[in-house]
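J.: Copying in the features that TrEMBL gives for the protein in this structure:
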DOMAIN    27-222  domain 'Alanine racemase N-terminal'
MOD_RES   35  N6-(pyridoxal phosphate)lysine
Ligand SMILES: *Cc1c(COP(=O)(O)O)cnc(C)c1O
């Protein structure tokens with residue numbers, strides 16, 4: 001646990017280097033993915049200054065957010081949301097939901113949000129390398145679906161896109177998948193899209209060079 005401060009400083013240094021090399025006016029948000037970490041470890045990273053944390057299971061988020069209730073943390077939900085978990089997620093009032101994967105899920109969310117008179121900031125997940133193992137909308141249908149959600153689901157506050165880089169050891173393929181998402185993001189900038197969530201421990205510098213302004217880092221911080 002004593003390495004956390006060093007891990008965080010190293011990560012921030014790399015993020016800063018990458019972003020200043022491409023666009024010094026861009027701010028890059030760092031979400032610490034705590035899905036394999038304990039509440040004690042989250043607290044240790046909090047004490048190093050980190051505030052935004054991401055979880056991929058509603059049950060884990062519930063348990064950790066409740067345990068750490070007294071800390072001013074910003075929770076991000078980055079996992080596959082099953083419709084029977086919508087109520088539990090909304091109860092936690094997460095800061096942002098990164099992994100909206102379909103119009104159907106948006107409509108289910110809209111129904112609940114409307115009943116509660118609340119809003120949820122969300123990102124549309126893009127399956128940028130068209131992998132059967134990943135969820136998200138296909139790049140060619142993304143714009144249409146984005147518009148439909150904007151129109152039909154006003155309480156689902158769409159504010160950008162999220163994607164996981166291609167599952168590959170070939171940097172060119174990963175880069176291509178990030179560029180696909182970035183091109184879509186640029187088309188949506190006149191429609192309120194301001195967040196492009198791309199990049200994990202193995203590929204966040206590349207993601208930033210490809211336009212990301214939000215990286216989700218787990219293993220490199222909590223090692
Ligand atoms: C686990 C996870 C991450 C973090 O992965 P690391 O490789 O540990 O940095 C980022 N995004 C999503 C969606 C994840 O599920």
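The backbone N, Cα and C atoms fix where each Cβ goes, glycine too.
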J.: What is the total of other Cβ atoms whose distance to the Cβ of residue 35 (N6-(pyridoxal phosphate)lysine) is within 10 Å?
T.: 16
J.: Averaged over the domain 'Alanine racemase N-terminal' (27-222), what pLDDT does the prediction give?
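T.: A mean pLDDT of 97 is what the model gives the domain 'Alanine racemase N-terminal' (27-222).
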